[in-house]
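Visitor: So Swiss-Prot has the following annotated:
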DOMAIN    18-189  domain 'FAD-binding PCMH-type'
ACT_SITE  R165  active site
ACT_SITE  S240  active site, proton donor
ACT_SITE  E336  active site
Amino acid sequence: MQPIRYRTDLTPYNTFGLRAQARAFIALEHADGLRDIVRLPEFNRDTVLWLGGGSNILLMEDYAGLVVHMENKGIREIARSDGMVLIEAQAGEIWHDFVLHAVALGLNGLENLSLIPGTVGASPVQNIGAYGVEAKDVIHSVRCFDLDTETFVTLSNADCRFAYRESLFKQEGKGRYVIVSVVFALKTHFVPNLGYGDLAAAVAELSAGRVPTAKDVSDAVCAIRNSKLPNPNVLGNVGSFFKNPVVSAEKAATLLQRHPDMPRYPQPDGSVKLAAGWLIDQCRLKGFQIGGAAVHDRQALVLVNKNNASANDVRQLAQHIKFTVFARFQVELHAEPNWLPASFSL
């Protein structure tokens, strides 16, 4: 186990690039080290921050507790049968690198999730999703360290209680389970998921008349994301800042009467998912800036650190967007990233 570092700068560990320090910081390179970490005098399960890629957090002030950076790596095949392969990835693996690894192995199901920032360990927490695929569609099980019993446990897909950008790990399991690895069920036979029009068009162009491959889909997703989303290494951001709101069919019908071109996605339960980026764009907020934080000029769903943004700049900008969208559409937006501490959340 690496030694604890004190007063550690967390700016490189959060993709929005907010300036903050950790009172204490330690890197976890092997899951077994968790048994030692929970016995450290600096450890308090109520205040510890389990940190992955830092792509889904907003550090609003210096972190008063212990920060554990998950750096455990490794990918291995567990089982293979009937066109299905179970593959385990450690929590510290970079998500996009893992997706590319699976595609290169001919394992299918992750390609639509290419270029999502963060680590494998974060994928079940947020139930990450893009272009018609969510993590829950491919996760077989999640291996965790249970802080209640200080033992390793395996949770099935059903145990994780996945929902849209939600999971057990954000609800009643928050603060109890530390994700150490994720097992994915991937297919050896490729069936493309091209329900989104811009993705279908991009794949058709790449495949040029031949049968498309998973690599074609992955490459197309990367091209689309790169054209719309800023690179966090160049311009700090946390990807999509707001969840796509889900409204009743009646509410959607009312909005459609006034906005017939409004994108909408009917859900199996009869509700309708709306495009948060479209709602923000209709309020003419692209490029709008408060302090050093701004709405990206090409993608309204992304807030960026344009000029050494402070935590307060980000909060004020997010609040302005929420109020403006609600005033026009009577639809409430909710932020995707986690505000730390949670008392700052809107």
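Backbone N, Cα and C define each Cβ position, glycine as well.
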Visitor: To the nearest Å, how far is the Cα of E336 (active site) from the Cα of R165 (active site)?
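Guide: On Cα coordinates alone, these residues lie 8 Å apart.
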Visitor: Suppose we draw a 10 Å sphere around the Cβ of R165 (active site). How many other Cβ atoms does it contain, all chains included?
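Guide: That number is 18.
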Visitor: Give the number of CB atoms, excluding that of S240 (active site, proton donor) itself, located within 10 Å of its CB.
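Guide: Around the Cβ of S240 (active site, proton donor), 23 other Cβ atoms lie within 10 Å.
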Visitor: Looking only at C-alpha atoms, tell me how far R165 (active site) is from S240 (active site, proton donor), rounded to the nearest Å.
Guide: 12
Visitor: How many other Cβ atoms are found within 10 Å of the Cβ atom of E336 (active site), counting all protein chains shown?
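Guide: Around the Cβ of E336 (active site), 18 other Cβ atoms lie within 10 Å.
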Visitor: Pop the mean pLDDT for the domain 'FAD-binding PCMH-type' (18-189) in here, whole number is fine.
Guide: 97
Visitor: Using DSSP and three states only, what is E336 (active site)?
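Guide: The residue in question, E336 (active site), is coil (DSSP, three-state).
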Visitor: Tell me, by DSSP, whether R165 (active site) is helix, strand or coil?
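Guide: Once the DSSP labels are grouped into three classes, R165 (active site) ends up as coil.
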